[in-house]
Amino acid sequence: MDLNRKHKVSLRGASSGEISRDALLAKVSQERELRSYARRANAASLFIQRVWRSYIVRKKAAIEIQEEWENLLSCHSVTLTKSWVSSRVLRPFLFFVRSLSVQHQKIQAREIHCMQTCFKILLESINSNDQGYNFCSLAVGTSEDSKTWACQTRRMVSLCSFLLTECNYSQERIKDVIGVNALLLRILIVLTDPKSWKIITNENFEDAETAKKIIIQFIGSCKSGYYSAVRRYIKTLTKHTDERLVITTSAVTLALRPFHVKQPAFVDDNQPDTNLAVEEYVSLILTIPRLVCYLPSALIRALKHKSILMPSFHTILLLKDKILNIISEMENSEKQSCTMEIPSVGWVIGNIISLATVSETDFMDPQESNPEMFYVLYVHVIVTLAENLLSQVESVGIQDIHLDIEATSNETEKGNSVKISFVEMLRPVCQQWHLAKLLAASGKEIRVIADKDASTSSKKGSETLGLLDIARLYSCMLRIFCVMNPVLGPLPVLNMLSFCPGYIVSLWNSLESVLLPENGCTADDASHGSAKTSWNTRSPSEKKLKHLKNDSVNKWVNVLNKFSGKSPGPREHVECTSDQPGSGQVNESTNDVWDVETLRGGPVGISKEVSCLLHLFCATYAHLLVVLDDIQFYEKQVPFMLEKQQRIASMLNTLVYYGLLRGTGPESRQLMDSAIRCLHLLYERDCRHPFCASALWLSPGRTSRPPIAFAARTHEVLPTSDVLTTPSMGSVITITPHVFPFEERVHVFREFISKDKASRKMAGEVDAPGARSIEIVVRRGHVVEDGFQQLNSIGSRLKSSIHVSFVNESGLPEAGLDYGGLSKEFLTDITKAAFATEYGLFSQTPTSDRLLVPSPSARHLENGIQMIEFLGRIVGKALYEGILLDYSFSHVFIQKLLGRYSFIDELSGLDPELYRNLMYVKHYDGDLKELCLDFTVTEEFCGKMSIIELKPGGKDTSVTNENKMQYIHAMADYKLNRQIVPFSNAFYRGLTDLISPAWLKLFNAHEFNQLLSGGNHDIDVDDLRRNTKYTGGYSDSSRTIKIFWEVMKGFEPSERCLLLKFVTSCSRAPLLGFKYLQPTFIIHKVSCDTSLWAAIGGQDVERLPSASTCYNTLKLPTYKRASTMREKLLYAITSNAGFELS
């Protein structure tokens, strides 16, 4: 560089070819990455070349060795020895087979031929009596020979695993592959059984056993891959076939070899290889779907043997987390993509139940040593696995597992088929003998040889089989059947539990000893015995739980005696009959406190064990309540006396109320569902035929009920999906409205309607008479037809105001203006005409109260179903406007409207004669074939008889003693459901156009009738007077008005009802008093000329009083004497005279 050179500065600016600093740095970075990539690519290419060269060299060497091997065996003339078999036959064979077939995962025809040759030589050597030639001699020879033998045998196990995976129907040379695999399995079975070795002696037997254990431990390890291969092989079997019988039997026999090594009582950390074999078996073999279906009967007997099941049970219990993790990882690795796939842990449950309970006699023969220990482990294993399965499927549902949004209907059908086959494996649990054997083993002390490091809880859980353990098992089964059984749900389990003799009584006795006070639920007990019965902690007292477990044996003695038909002993007899009805009546003391203190924390406040027991009881008893008739429930009082029914109802009422009030987690959902169902069934039975004090249902909410407006708001806001999980008063009023007094619920109903009217008014809808109201013209003689034609199509718009114009019989418009009163008259007239039996839409029940029920002949009338739907809207309009209609519906019909269950005994109010006949059939002691009944019912319409089958082929099915219950429920179902449902659905559609279904469900059937037609109590004259208006010159102080109220008080209750009907067209008072009568009760003055002496004996007014029912107006002349007013009023209200607007 020239230092003397003068530095020049360019003033021309930056050149377009120059780049910025950031761009230069980015360019340099990119070049650096390119160089790094080039280095990595070069290294990768060198590695690939190295691997390829290695592969080519090994393949070439393997081919050369194979050719030499084939030439050697084709012309060998040397004397065969064990060393020659090992070094010249087996060693090169294992090398080239591994290089040419195993690593390629494909078997060539040439290799199959080599395998056949090698295995035949090896089998010949093994069967030889010559120690110099027998391959097994190496196992008991020198240390070097035994190591060689073990190494080569392990490689044959690996080769066997490979061959098993290739035994699928897609293999071209499947028969040849099966043949060589059968040979190899036969060799391995001999090699793992030293007793079958021809060279075995007393001196070398220990060495042979040691060598055998080495191989068996390798088979049970993950390195061998044997259990994975057996799993893949069995899953390829579509069914059991004779051609694969040998290979299937041999493969499973070899897989069971590790179980026949001397086992400790529990899993032993000192024998990890043996433990691994059991883990592999549980996680890979027992998870095979429908395992039992693929195996021959001989193998099933082997798999269900105690020596196989017991170690499996121990491993699952003590290594639960590890086993479940292995199963989960296996599922992920297999990448199951089938829609609705059953989780693998579910198949473990199914396979264990199928193996342990192949038949009643096979469910652990009592002659086996320590059978109670087997039952303990069996129950704990099923519960452990079931809880894991339920945690996977209950949160999202089985249909959402591995969800494929493009799943077709065929995949859906396949998923249902898989679930049905899975449920079929659980069928033994639904048999009474299964429960009987578990109960027989419950409570017995069991001697357990436990590992000294085992946890205390594990030891304790395995010492006895208690009632709670069995309850947990069946509670889990109920939940599994709910999710997995697409057809019947939990019905198979519930049928068995419900009709098991004495089982439900024993469940309740166990619960009662823990949850309820011992001396009843009285106020004294609640105040003075709180220390004794309080439940301030999450779990029940240890003393009660211990007492429950210790007494479980005694409580099950009666159950087992009923199973076996044995007569109970004296003490047992006392316990068995202690729950029979006595002569005492139901205690109706108003001082009873039915709020159970121990359940005020809801499901969260009780232990998991008791919660499980409670869930099982609720589900089972709810199922039983469906079929219990009134004779059994009220007269015979089975399974419980009415006093205990009260305690059950109070317990459920408290549990559900506080569970909804405080909120519950997903883990309590099943308990709450079953408790709610059981509570509703008891409450509905009590509504129909009371057996509980009214205070019982109100008790939980007596101190915590919110204001009416608040309850209404929370009821409306709460989403349906959050009813059970979100703590709120809205949940309480939605699920258990009966804890609120009826009057308060009516207030809530009115609040709902007021809010709806306000929202409609804000939306611009018409809510009062005016120019924009709906206008209709109705002929007096055709009220129903004209109303149907003009109003049927407007749907929910019927909430708006209706302007009615009547046309008289002469065809002329009637005088007067409609300011709302004519709408009431229209509703009254249309219901009077449509509900008349002569019209044909409704008929009256044959009972004394003459309740309305849809007539079966209505379906044959023109527009019959549409007319009933229209009448639903008319009734909804009356409820919406607060107009009382003097009609009441059958409870069966209302139950359908409210979406509630109808008991078979409700048939007595619908068709008493049919009910008596069905009860006669139910309790008939002779042969029912003598009655010549079949599954049909005969209906008559217009003189024509038609026969309807109660089930397919019913006319050819005779009623017998075996199917009489099916016949009774089929007949009841026809009368209570099939015959009524089309009409109730139509009426419901119309009714809910105006009244929300949620509003209706605040009431029971009896209360619905009261809401529609008013209370059935006597009229409160003072309340009516306070809410009466006077027009035309009358006032409350007028002489005639004072006389009227004196006469009104002097009437009989029936006469007061007639007067009310004369004025309002309804004989009953509004539910919450005359304040809510619409329109308001009015007395209008009708001036009449009378003598001044009329008040003391002269001529009084002769004119009769009249009324305008459309305005609830009584037109009362100015009578001077009480006797005259009484006479004229009675004549008017009993004459049934017609009238027009005046």
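Backbone N, Cα and C define each Cβ position, glycine as well.
Residues or ranges marked as active site, glycyl thioester intermediate by Swiss-Prot on the basis of sequence analysis: Cys1110.
Residues annotated as compositional bias 'Polar residues' in Swiss-Prot: 577-589.
With a threshold of 8 Å between CB atoms, the same-chain residues lying at least 6 positions outside the domain 'IQ' (41-70) that come near it are 89, 92-93, 95-96, 99-100, 110, 114. Per Swiss-Prot, domain 'IQ' is recorded for 41-70.
Marked as domain 'HECT' by Swiss-Prot: 794-1142.
Taken from Swiss-Prot, the feature region 'Disordered' applies to 567-589.
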Response to the item:
If you count the other CB atoms within 10 A of the CB of Cys1110 (active site, glycyl thioester intermediate), including all protein chains displayed, you should get 25
Discussion item. Under DSSP, is Cys1110 (active site, glycyl thioester intermediate) part of a helix or a strand, or is it coil?
Written reply: coil
Worksheet item: What are the DSSP helix, strand and coil residue counts for the domain 'IQ' (41-70)?
Response: 30 helix, 0 strand, 0 coil
